[in-house]
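Copied from TrEMBL, the annotated features are:
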type: COMPBIAS; residues: 271-280; note: compositional bias 'Basic and acidic residues'
type: COMPBIAS; residues: 366-379; note: compositional bias 'Polar residues'
type: DOMAIN; residues: 39-261; note: domain 'Membrane insertase YidC/Oxa/ALB C-terminal'
type: REGION; residues: 271-379; note: region 'Disordered'
type: TRANSMEM; residues: 12-31; note: transmembrane segment
type: TRANSMEM; residues: 37-59; note: transmembrane segment
type: TRANSMEM; residues: 109-130; note: transmembrane segment
type: TRANSMEM; residues: 180-202; note: transmembrane segment
type: TRANSMEM; residues: 222-248; note: transmembrane segment
Amino acid sequence: MDLLSIILWPLKWVVELILVGWHSLFAFLGMAPEDGLTWVLSIVGLTVVVRAALIPLFVKQIKNQRRMMEVAPKLKKIQDKYKGKKDQFSREAMSRETMELYKKTGTNPLGSCLPLLVQMPIFFALFSVLNDSQTGKSGVGPLNEALSEEFGSSSLFDFAPLHMSFSSAMSAPGGPETGVMIVAAIMVVLMTASQFITQLQIVSKNISEETKASPMFKQQRILLYILPFVFLFSGFAFPLGVMFYWLVSNIWTMVQQFIIIRQMPMPGTEAAKEREERLARKGKLKPAESGEGDTLVIEEKRPAQRQQPMGKNRAKKVAAKPNTGGAKPVNPAKSGNPAKAAGANATGQMPPKAQTSPSKPAGSTDPASGSQSPKNNGK
């Protein structure tokens, strides 16, 4: 047993357990145990179980993607800072600052690939189970020799064996297996289209304008056109049973992304605007979501009116005035003459007195009018 078989052994056991479990369920419901459709539906059930188990990782992937979108402008600043600097010191400094930014924000650049990386061993385990069943070899778990023979000889539509691939159908000893080639080609097209639609949803609707100016968006655009070709060329080499798993997994991802983008879009994206419009039409848009909540108005503090210094006698007169909504009495404990306090204005202060120029003595002549000012007789 080689190293790869040792690594895949526990995964093959789990894959066989899930396959046999679904196969027994469909046989119990009345489907023919040896029919290829029964095994195809068992593979679909395996995909559903695996993808449902990966939902927590997918949620973690979504959170990591959002953090990556948030740090994209800061990452661009670091790259612009060292743009054109090819020396080793600058390269190391840029790498160090980038890793510090990832550590500070809790971002993992490879976090978006985590669900795919986890699925790859399961994918190869299913591939190994199909290869073993082709020769009638019993599995490492619940897939006994009889079930292995059924699985290995099962065919879709009675002309497309699940263990055959497009390439093996072309080089079949009895001539090309046209049925297998047609089914494989259709599945490759569906796999490529589903992957392209999934990436297109993200790139076109769930990326903000700031992120579109970052290098990460350029990588997303490259993946948009490269990944379909990966499916296009690699799909012809895998058996139909593995391709069914791959196709159902892609459809699951496409629907999952559609729900996430529709219900929990990235802030500031086109998908977020469309969601706000839908909620506004239904009258369910909250102020926190629309950004039109109650605005807190902060009133500017008005400067307090400066109190004129006053003597003891005048303070008594002001204190004698009743409090009618104006300023509070200066000294409410003492009361003055009400008759004299009646001359105070609404602010509690006495009206200003007529001012005379201190530079003009009594009895002097006004140079402008030529008249003589009256003398102050002390009245």
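Including glycine, each Cβ sits where the backbone N, Cα and C put it.
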Mean of pLDDT values spanning the domain 'Membrane insertase YidC/Oxa/ALB C-terminal' (39-261): 83
Long-range neighbours of the transmembrane segment (222-248), counting only residues six or more past its ends (CB under 8 A): 39-40, 43-44, 46-48, 123, 126-127, 130-131, 156, 160-168, 180, 183-184, 187-188, 190-196, 199-200, 203
Intrachain neighbours beyond the transmembrane segment (180-202), with Cβ under 8 angstroms and 6 or more residues off its ends: 156-157, 159-161, 164-166, 168-170, 220, 223-224, 227-229, 231-232, 235-236, 240, 243-244, 246-247, 250-251, 253-254, 257-258, 261
